[in-house]
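Working notes, structure below.
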Amino acid sequence: MLGFLKNPVVVTAEINVNLVALTVMGLISRLWGLSYPRAVVFDEVYYGQFVSLYMKRIFFVDDSGPPFGHVLLALGGYLGGFDGNFLWNRIGAEYSMNVPVWSLRLLPALAGALCVPLAYQILVELQFSHCAALGAALLILLENSLITQSRFMLLESILIFFTLLAVLSYLKFYNLQRHSSFSGRWWFWLLLTGVACSCAVGVKYMGLFTYMLLLAIAGLHFWHMIGDQNFSNVSLMCHFLARGLALIIIPVAMYLSFFYVHLTLLYRSGPHDQIMTSAFQASLEGGLARITQGQPLEVAYGSQITLRNMLGKPMQCWLHSHTNTYPIRYENGRGSSHQQQVTCYPFKDVNNWWIVKDPGMQQLVVSNPPRPVRHGHIVQLVHGITTRYLNTHDVAAPLSPHSQEVSCYIDYNISMPAQNLWRVEIVNRESDTDVWKTILSEVRFVHVNTSAVLKAITVHFQLSGASLPEWGYRQLEVVGEKLSKGYHQSMVWNVEEHRYGKSQEQKEREVELHSPTQMDISKNLSFMAKFTELQWKILTLKNEDTEHKYSSSALDWITMDTNIAYWLHPTSGAQIHLLGNVVTWASANIAALIYTCLSLWYLIRRRRKIYDIPEDAWQLWVSAGGICVGGWAVNYLPFFLMEKTLFLYHYLPALTFQILLIPIVLQHLGNHLCRSLLLKSMFSALIVAWFSSVYLVYCTFSPVTYGEPSLSAAELKDLRWKDSWNILIRKQ
């Protein structure tokens, strides 16, 4: 029974020494002296703020992309025991002792290091020689710009890692397709393709470019499968469903999970949540949640409410009034109604309170039981402090003469009767009998007499910074919009603070205490509702794009006519720049040009039934170009359409694909154009000389890649190979 113990248990394993050596070299090049400099380097000042907010569980919105990349950076801080206490306000600021610099920079560095073996494996899976694969990996290893970008708390190296992982996984899956369909390995690589794609998109939306490329390639491969009679209809359907599951459903589910983790971690109110809706703010601990906890859910006749405009841009504001009136005549000579001003005020104030009144009754308190207001009901809105009614009429608004003035009505005993009836329209209602709810309902107020819609005007502020003049205390304008097409958010309001009024006496009403039944708003806001709102904010919220000293155009990247100074030592000449390996960048451009020209030549010749290379070599050439040239194109060309501040590091994902093309072109030239032994020998010698120059340039620029050793002014001048490079030289 125990006879199997008589013989030793032997485990054999194949170890690719090239792969191991490349991984070790990648780790050394990216991890060596990782804590240096112990100071804030370039965009660490930006990403570090979010890491601190994660550590403190404070909600934030970053309009630059999804949260997965930030979560990974925060994971490094968590593993290092970072407490989030550091003021990220200046590039070059020295890190305090509580900041685990090595840990914060670890994950980007690991991602950058692993790109080296990934490059090797991609070329192997593309059916190129191990020599070509080794060349691709070494080019990635010795690329100064990729080293610099991966050694700091930045996201590009993580993005490139997941991008290359997605490409490698798909190639492995595709190569298994021929003989191991639906095997365990086949499923593993297919699922990993989808996971890697979702991670790439989750780090930065730039990852979407490579994801779409792989979807297109997968679609093309499946199209070829449809024409293969060896596949039955059932088999084709199974292949289609497997790809749909792995490449669409799982990435979408993972993308949602990134936001779920983000929202679960960040449950506390902070400075960024003011741009979110009241319902979202109320779901966060502290902030608005402290104010709204215990509010009545249903708005009733007699309710005392504050109304927040849903647009929230350029700032949040609440419907507001005060005792001051509109001037009899404006500066341009137009007249006004001289009624009490109504504005949108960007701060919480006692003058933001309004009372919902039943037009058929005089009481300003909530009855027992309360009578809820429903969609379509007619109400009057009474200003809580001045007790005047919200009113609009056919008088031009002060800044928007094509819209109606909104005021609180003062009876001057002239031929201008009150027009203060408003119809409540719940925009996000589920039925026409929905009750108007605190925070949750998005409401329009339609004027009964004129059909104008109550609207906050923010366009003046957004375009020119203008608001109401001094007589209006620089507050935002509120108008009655006559032509109301659709539901623009500036016309939509929601109840933020709410209490049931209990006193008819004005003085008692002003000091009335808040004592409603308990109601937890956060339970009424689902994850999907929070995700949808946050995703929309990320896509639509745009910070002002200001010209940056180191910003550049996409055309500058190809020839590396620009650089970025990441860090400068406060006393010595030590500095770090984002600069690429000049020989590699030039070679990548030449390789892309050669590939394009050769491909056109081959296509024209093949059209004439002249086949210069074997069919298998042609298929290899096309598939490699689809990945490398396609990867370069989709990651580069879209930047010509973007209206945003661009930097050299945006080019790095495209550059990575272009670098992979270099050994592909070299192997093709050596195999198919160098026919004689002499030409092959000369070509090999040229490659050795060329690669030696790549290594020499890497060594030359290493001091500004790693930040040490410190260089003299003369040495720094020698590194300024282009006049457009901004190498920092201290004045003696």
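Each Cβ is built from the backbone N, Cα and C atoms, and glycine gets one as well.
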Range annotated as transmembrane segment in TrEMBL, from 67-88, 441-462: 67-88
Of the residue ranges 46-64, 616-634, the one that TrEMBL records as transmembrane segment: 616-634
Same-chain residue ranges lying at least 6 outside the transmembrane segment (100-120) that approach it to Cβ under 8 Å: 18-19, 22-23, 25-27, 29-31, 34-35, 38, 48, 51, 72-73, 75-77, 79-82, 133-134, 136-137, 139-141, 146-147, 149-155, 157-158, 160-162, 164-165, 168, 656, 659-660
Tertiary contacts of the transmembrane segment (186-219) (same chain, 6+ residues out, Cβ under 8 Å): 64-69, 72, 155-156, 158-159, 162-163, 165-167, 169-170, 172-173, 176-177, 180, 242-243, 246-248, 250-252, 254-255, 258, 626-627, 630-631, 634-635, 638, 650, 653
Within the predicted model, mean pLDDT of the domain 'MIR' (296-359): 87
Segment-segment contact (the transmembrane segment (154-174); the transmembrane segment (67-88)) at 3 or more Cβ pairs under 8 Å: yes
The domain 'MIR' (370-427) - residue tally per DSSP class, helix then strand then coil: 0 helix, 26 strand, 32 coil
Long-range Cβ neighbours of the transmembrane segment (240-261) (under 8 Å; 6 or more residues past either end): 66-68, 71, 182, 187, 190-191, 193-195, 197-199, 201-202, 211, 214-215, 218, 222, 527, 531, 534-535
Long-range environment of the transmembrane segment (616-634) - Cβ separation under 8 angstroms, sequence gap at least 6: 122, 126-128, 163, 167, 171, 209-210, 212-213, 217, 592, 595-596, 598-599, 602, 606, 653-658, 660-661, 664, 668, 671-672
